Amino acid sequence: MEFKFNLNDIFKQSVVEINNSLIPPGFSGDRRALWDTLGKVSEVINTVGEASAASQGLPKPITTADRLRNSEQKLYLLIDQTANNGKGAVTGMLKTGKKGLYVFDRDGQHYQVTPPCVLDFYIHESRQRTGLGKQLFEHMLQKEEIEPVQMAIDRPSDKFLGFLNKHYTLHSPVKQMNNYVVFDGFFPRSSEQTETKESKSR
Ligand code: ACO
């Protein structure tokens, strides 16, 4: 995704984390420069949010600059700094945030939890299946110090389910009525129950 302006003037790294301030890491400048930067960051977020929604067949974007500004969510942007004659291009986006959820395990036991969630994930069509999604997802896991199985996924697409199976051997999703999906190992007590069963059998 290319823009008229030079992305490398705004985003200084290949993966950039944006929160509700919308101020990119490493920003320096006066008030006018800040307004200019915020306008450009908003344009980038809205454009990538629209592309993600179109790619997933959603009626409207779930990621917009306005929604990010009014949230505690984090947006990771993947930048190819060399593309577009050195002006850079946005190649992907990943949004995470905590949500209060009721989740049911396979036995129908329910839990009230507030897990970190994958809310939106997109790699530009021209770059899908080249490993960029894994690169961006791994960056997020390191930053948030979390394992994929500890996260709930909002309406995962088949592509994303394939991705999780391939890279993290997460399969047989436990689908929830709220459209979130979790995997075995997510539930707080499942490991304790296994331990109890194992210790009884010893
Ligand atoms: N069909 C089936 N599986 C796919 C596809 C596809 N078109 N694209 C990616 N995958 C899965 C496969 O497991 C693939 O491995 P394979 O090529 O050996 O079969 C693996 O992902 C590839 O891994 P990466 O190259 O690291 O993934 P990629 O860069 O393509 O990013 C992503 C994965 C984000 C799902 C990307 O394909 C994409 O943007 N898809 C369209 C939008 C989308 O579905 N986003 C997720 C919505 S759900 C949510 O956001 C919570």
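Placement of Cβ uses the backbone N, Cα and C atoms for every residue, glycine included.
Keep in mind that TrEMBL annotations are predicted by a computer and have not been checked by a curator.
Cβ neighbours within 10 Å of ASP158 (acetyl-CoA binding site), excluding its own Cβ and spanning all shown chains: 7. In the three-state DSSP assignment, the secondary structure recorded for ASP158 (acetyl-CoA binding site) is helix. If you look up TrEMBL, you'll see 121-134, 157-166 marked as acetyl-CoA binding site.
The domain 'N-acetyltransferase' annotation in TrEMBL covers 1-187.
The annotation site 'Crucial for catalytic activity' is assigned in TrEMBL to GLN56. Its Cβ placed at the centre, GLN56 (site 'Crucial for catalytic activity') has 17 other Cβ atoms within 10 Å.
The Cβ of LEU164 (acetyl-CoA binding site) lies under 8 Å from the Cβ of PRO148, ILE153, PRO156, LEU170, HIS171, PHE183, each of these being in the same chain and 6 or more residues away along the sequence. Around the Cβ of HIS124 (acetyl-CoA binding site), the same chain contributes MET1, ALA51, ALA89, VAL90, THR91, GLY92, each under 8 angstroms and 6 or more positions distant in sequence.
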